[in-house]
Amino acid sequence: MSPRDLCLAVLVAALWGCNFVAAKLAMHDIPPLMTTGLRFVLVAALLLPFQRFPRGQFWPLVRVGMVLGVFHFGVLFWALRTVDAGSAAIVIQLQVPLGTLLAAILLGERVTRLQVFGIIVAFGGLVVVLGAPALADKPFEVALLLSAAFAFAFASIQSKQLASLPPFTQTAWLGAIAGPVLVALSLVLEQDAIARTVAAHWSSWGGFAYTVCASTLAGYGLWYTLLARNRVSHLMPFMLLVPVFAVLSGIAVLGEKLHVQIVVGGVLVLAGVALVVLRKAAPVPTLAEAD
């Protein structure tokens, strides 16, 4: 990997890590379901005119869109509004070992002993993280984050049917499918969603703009450019930096506290994830990696 591509890979990790903070800024005024729904709608509006209709794969896209777009993102953003950005970024990394377990159960994929050890280490790290003051009194939010991680893992298996579709085609159509559903759910479940969105402070709109432009469009544009020039196995280790940037940006921008449980547990979770994912060519991250 060239020095330029190395710097770009770190930049992508930074863009995606800081997205957790940007989402929290957006949700300070804009309700969570409306935030993620509008994000999907805008991404679809920007990308869809340049994408073809996925003939023969539309209904698989609908299934993935409902699980990944509606459930994963809806639940993740709902939890993120009251959980520290860094803590959420660490917990959501469990989607990797969960995906490995589901692939073994549903697809019969082989799991090595080292991967099993990595899964145990990752969940051991979760136990440590749960002792942090930021999460100790929030069992419901933790359950939501774990549900979101499970949904991502399940959607990753479903998305194997979409392997022939270009990544931006998947992103555009997933946005077109999930966005309207999330906006509709917001209007039903979130009180005064439209009024709160219209009256949102500029900082909330700035956070929202970041999730669309920096995290999704710029982040994915750079990521797919890197994939065209480098092996996936060379790029995936940089994704372990995403929660690191989430923690650092949460401290710098939101004033979040760095507790010893987050440091120790986070290291264990990331070490476990590394053992799971670095032993094989990992799949290309979908929109969920840019949470």
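For all residues, glycine too, the Cβ spot is worked out from N, Cα and C.
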Segment assigned the feature transmembrane segment in TrEMBL (from 171-188, 189-206): 171-188
Leading stretch by Cβ pairs under 8 Å, where the reference is the transmembrane segment (260-278) and the options are 32-49, 114-136, 142-159: 114-136
Other parts of the chain folded back onto the transmembrane segment (86-107), taken as Cβ under 8 Å at six or more residues beyond its ends: 17, 20, 76, 79-80, 115, 118-119, 122-123, 125-126, 129, 132, 134-135, 142, 145-146, 148-150, 152-154, 156-157, 242-243, 246-248, 250-251, 256, 258, 262, 265-266, 269-270, 272-273, 276-277, 288, 291
Beyond the flanks of the transmembrane segment (142-159) by 6 or more, those residues with Cβ under 8 Å of it: 60, 63-64, 67-68, 71-73, 75-76, 78-79, 83, 88, 91-96, 98-99, 101-103, 106-107, 130, 135, 170, 283, 286, 288
Among 32-49, 61-80, 114-136, 171-188, stretch most in contact with the transmembrane segment (208-228) (C-beta, under 8 angstroms): 32-49
